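Quick one: this structure, given as structure tokens, is what I'll be asking you about.
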């Protein structure tokens, strides 16, 4: 505020001096009857204008630097670190692995954290777009780039570690994935921020809600559509194929359903929509429910099928499907609201109060919904899961904000801040196996004699 007042007083003094110079020039013209401004007055006026331009550039550049929220980068870096930990240690420690179906583990917070962070960032990105059409085209282009990158990395073209095959059959390419879901949520939320907000002045919580009421209406609409489809659509019987030996015909399994409102692994609407719209051959082939006790003797890890395993255990199922991505958009919109609070309120205490009110409501709502039968389920992205993970995102964000931006303990989190500023690069290299696959490409004599497989062998020993 002091800097603003100093700049404001400087500008007012400059305007007064410029006005005085103009009056002197006008008086000089009237007295001498000349049409030209004196050289001394012109030089002085140019110097004043140049000094003012320099000050404006310096103040604008410093304001741009100060607008970067360190706690947001730290939060993003912490999420990336958590993702790497889950991918590397999830198979060894069940608490770090995804829940096979209902329930919540540390790994199940990673995706909502990313979506929440995207929403907060979009509040800054499209705060005051100079041209809404240009901003819309840029958001669409960014979403398409992220979507294409996700299909390339998770569609099957990039093989898994120790799988030395190359390329992907377009008949079986996976269309959805982590980056694809983020791209969809990014695009819808960006369009909301560009087009669905009013020009009202925000000075309290009620005016904040009134300014962005159309965005909240969209979040409510998406939630209602999701619930109506999840509990109202009819799921018929279906079947799928499991390939066997190349010379033999694939095995065909039939799954009996004929129900509505089922949220189990076999007969839920989320899987039915993906099978009909995306195609069953384009879904994730290692379903998360294959780690359930009904489907694995090594549960909660993958393993051989039990003798009495149900027919749906080997069926493809995409954890980032179409209907579940609808609620992912809602998580992104909730994060957008937290970003709006940063933009419109500068006092730390006010920000924390306005953050903790929806955070508390979300956590309580998630727990109550789970208690009354709407179970927390990451794969279905249930409403209780949306509320609980969004509330957890708010709690963690407020804690990091207090530590980094309020108390100033940024040196302790410098590594996480760097990881947050390079999150996509780290995700591509570490989580998508690009770096180990690159190392694996150099071998000795036989493709299996590579550094990655050798390190895995010595780790097992």
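One-based numbering along the chain as shown.
Note that Cβ sites are derived from N, Cα and C of the backbone, with glycine treated the same way.
Below, the features straight out of TrEMBL:
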type	residues	note
COMPBIAS	20-31	compositional bias 'Basic and acidic residues'
DOMAIN	68-192	domain 'Heparan-alpha-glucosaminide N-acetyltransferase catalytic'
REGION	1-39	region 'Disordered'
TRANSMEM	69-86	transmembrane segment
TRANSMEM	106-127	transmembrane segment
TRANSMEM	139-158	transmembrane segment
TRANSMEM	178-196	transmembrane segment
TRANSMEM	216-234	transmembrane segment
TRANSMEM	322-345	transmembrane segment
TRANSMEM	352-373	transmembrane segment
TRANSMEM	379-404	transmembrane segment
TRANSMEM	424-445	transmembrane segment
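Give me the structural setting of these features: burial, nearby parts and distances.
Residues 96-98, 106-107, 109-110, 113-114, 117, 120-121, 124, 342, 396-397, 400-401, 403-405, 410, 413, 415-421, 423, 426-427, 430-431 of the same chain sit 6 or more residues outside the transmembrane segment (69-86) yet have a Cβ under 8 Å from a Cβ within it.
Through the fold, the transmembrane segment (106-127) approaches residues 67, 69, 72, 75-76, 79, 82-83, 86, 90, 95-99, 135, 139, 178, 181-182, 185-186, 189-190, 193-194, 328, 331-340, 342-343, 378, 385-386, 389-390, 392-394, 396-397 of its own chain, all at least 6 residues removed from its boundaries and within a Cβ separation under 8 Å.
Same-chain residues lying 6+ beyond the ends of the transmembrane segment (178-196) with a Cβ under 8 Å from its Cβ atoms: 111, 114-115, 118-119, 122-123, 125-126, 129, 132, 135-136, 139-140, 142-144, 146-147, 149-151, 153-154, 212, 214-215, 218, 320, 325, 328-329, 331-333, 336.
Using a Cβ-Cβ cut-off under 8 Å and counting only residues 6 or more beyond its ends in the same chain, the transmembrane segment (322-345) has close neighbours at 69, 111-112, 115-124, 127, 176, 181, 184-186, 188-189, 192-193, 202, 208, 211-212, 215-216, 218-219, 222-223, 225-226, 229-230, 269-270, 273-274, 277-278, 351, 354-355, 358, 362, 379-383, 385-386, 389-390, 393-394, 397.
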Kindly state the mean pLDDT of the domain 'Heparan-alpha-glucosaminide N-acetyltransferase catalytic' (68-192) in the predicted structure.
87
Short question: which residues 6 or more past the ends of the transmembrane segment (139-158) have a Cβ under 8 Å from it?
126, 167-169, 172-175, 177-180, 182-184, 186-187, 190-191, 194, 428, 432-434, 437
How about long-range neighbours of the transmembrane segment (216-234): same chain, 6 or more residues beyond its ends, C-beta under 8 Å?
192, 196, 209, 258-261, 263, 268-270, 272-273, 323, 326-327, 329-330, 333-334, 337, 380, 383, 386
How many of the residues that make up the domain 'Heparan-alpha-glucosaminide N-acetyltransferase catalytic' (68-192) does DSSP mark as helix, as strand and as coil?
81 helix, 1 strand, 43 coil
